[in-house]
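The structure under discussion appears below in the form of C-alpha cells.
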Amino acid sequence: MSELSGKVQTVLGLVDPDQLGRTMTHEHLTMTFACCYFPPPQGDEAVAENPFQMQHMHWLRQNPYSCHENLLLQQEVPAVRDELLAYRKAGGGTIVENTTTGIDRDLPTLKQLSKDTGVHVIAGAGYYVDCTHTEATKRMSVEKLTDIIVSEVLHRADGTDIRCGVIGEIGTGWPITESERKVLRATAHAQTQLGCPVIIHPGRNPAAPAEVLRILQEAGGDISKTVMSHLDRTIFDDGELLEFAKLGSYLEYDLFGTEMLDYPYNLEVDMPSDSQRVKTLAFLVKEGYGDKVLVAHDIHTKNRLTKYGGHGYSHILKNIVPKMLMRGISQHQVDKILIDNPKHWLTFK
Ligand SMILES: CC(=O)NCCS(=O)(=O)O
C-alpha cells in the first residue's frame with residue numbers, strides 16, 4: 001500500500017480526508033486563459049481595451065473572453081488571497097485548483113495562498129487542451145506522458161517540491177485530437193498506478209463526455225473516480241443526462257455564477273442560469289445520483305472576482321446553498337455534494 005492510500009494530497013502535503021470540509025472541486029486561483037481569447041463583437045473594440053470600469057461590467061459578463069486583460073487571472077494574487085479568507089469565513093475548507101500544463105500552473109503561489117489563508121488547496125497534474133500542447137508534448141509517447149503525470153503526483157511538479165493531488169483538468173476539445181487522446185490514455189495509465197482522482201474538461205458537444213469516458217475506460221481508467229466537468233454547458237437534455245450518468249463518473253456543475261446570453265465558443269449553447277443549474281441538481285438527486293454530484297464556480301477570468309463586482313469563490317456557499325434548500329434539496333444532500341462526494345473522490349485508493 002502506498003503512503004498516499006487513504007489520504008488526500010494538498011500542496012502542503014498529505015491530509016486526512018475528514019479535514020477537507022466544504023470543497024469546491026473545480027476552481028482556478030492563478031492561471032492564464034489567453035489561449036481562448038475570442039475577438040469582441042464588431043464596434044466593441046474600444047470597450048474591450050479598457051473594460052474594468054463600472055459602466056462596462058455588464059459587457060464584461062457577456063463577453064468575458066474578448067478582453068485580453070480579463071484572461072490574466074495570475075495578476076490578481078492579492079485579491080484571490082482576500083477571496084480565500086472570505087471563503088473560509090463563509091464555511092469553505094478546500095479548493096481543487098484545476099490549472100494544468102498549458103495555462104500557467106503556478107504551484108509556489110498555490111502553496112503560499114494555502115499557507116496564508118488556511119484553505120486546503122489541491123493542485124492538478126497533466127495537460128490542458130490541444131492548442132496549449134507544445135510541439136514537444138505532441139511528440140511524446142503515451143508512456144512518456146504517463147511517466148510525467150505520475151511524477152507530478154508522486155514526486156514533484158514544475159521543478160518545485162510540490163506534488164499534485166489530482167490529475168486534471170485534462171483538456172479535450174471536440175472532436176478530440178490525437179494529442180488529447182494520448183494524454184487521456186496516459187491519464188488512465190497513471191490513475192491505474194496511483195489510484196488517484198481524475199478530472200476532465202470535455203469538448204463542447206453533448207457526445208464529448210461519453211467519448212472521453214470510453215477512451216479512459218478502454219485504457220484501464222477508473223470511471224468511478226473520475227469527474228466530468230462543465231456539464232452545465234455540455235449536456236442539456238434530461239434523457240441524455242441520465243444516459244451519461246449511468247456511465248458512473250462524478251457529474252460536475254461548475255459554472256455557477258456564469259450567466260451569459262451568447263456562449264462564444266458554441267453559439268448553439270444556451271448557458272443555463274444558476275436557477276436552472278439548481279433545478280438540474282435537484283433532478284439528479286431525485287433520480288438517485290446524489291452521491292455523484294459536485295459543484296464549483298470554475299473562476300478563470302478576472303471579472304468573476306468580487307474585486308471587480310463578480311460573484312467570487314463564496315457564491316455557492318452564500319447564495320446557491322440557500323436556493324438548493326428552497327428547491328427541496330435536503331441539508332443532508334447538500335452536505336453530500338459539498339463535503340462527502342468531494343472527500344470520496346479526492347481520497348487515494
Ligand atoms: C478554464 C476552463 O477550462 N474553463 C472552462 C470554460 S468553458 O467555457 O466551460 O469551456
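Using N, Cα and C of the backbone, Cβ positions are placed for all residues, glycine too.
Annotated features in TrEMBL:
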type	residues	note
BINDING	His26, His28, Glu169, Asp298	divalent metal cation 1 binding site
BINDING	Glu169, His201, His230	divalent metal cation 2 binding site
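Recorded features from TrEMBL, shown on the structure.
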residue : record                               : contacts (Cβ under 8 Å, 6+ apart)
His26   : divalent metal cation 1 binding site : Val96, Asn98, Glu169, Ile199, Val227, Ser229, Glu252, Asp254, Leu294, Ala296, His297, Asp298
His28   : divalent metal cation 1 binding site : Leu73, Glu97, Asn98, Thr99, Ile103, Asp298, Ile299, His300
His201  : divalent metal cation 2 binding site : Asn98, Tyr128, Val129, Gly168, Glu169, Ile170, Gly171, Thr172, Ser229, His230
* Structure fact -> Judged by other C-beta atoms within 10 Å of its C-beta, the most isolated of the binding-site residues Glu169, Asp298 is Asp298
* To do: Starting from the Cβ centroid of Glu169, His201, His230, the recorded divalent metal cation 2 site, name every other residue in that chain with its Cβ within 8 Å, sequence order please.
  => His26, Asn98, Gly168, Ile170, Gly171, Ile199, Ile200, Pro202, Ser229, Asp254, Asp298
* Asked: When a 10 Å sphere is centred on the Cβ of His230 (divalent metal cation 2 binding site), how many other Cβ atoms does it contain?
  -> 22
* Other than His26, His28, Glu169, Asp298, which residues of the chain come within 8 Å of the divalent metal cation 1 site, judged by Cβ distance to the Cβ centroid of those residues? -> Glu27, Val96, Glu97, Asn98, Thr99, His201, Ser229, Asp254, Ala296, Ile299, His300
* To do: May I ask you to report the DSSP-based helix, strand or coil state of His28 (divalent metal cation 1 binding site)?
  => coil
* Taking DSSP three-state, what's Glu169 (divalent metal cation 1 binding site) in: helix, strand or coil? -> strand
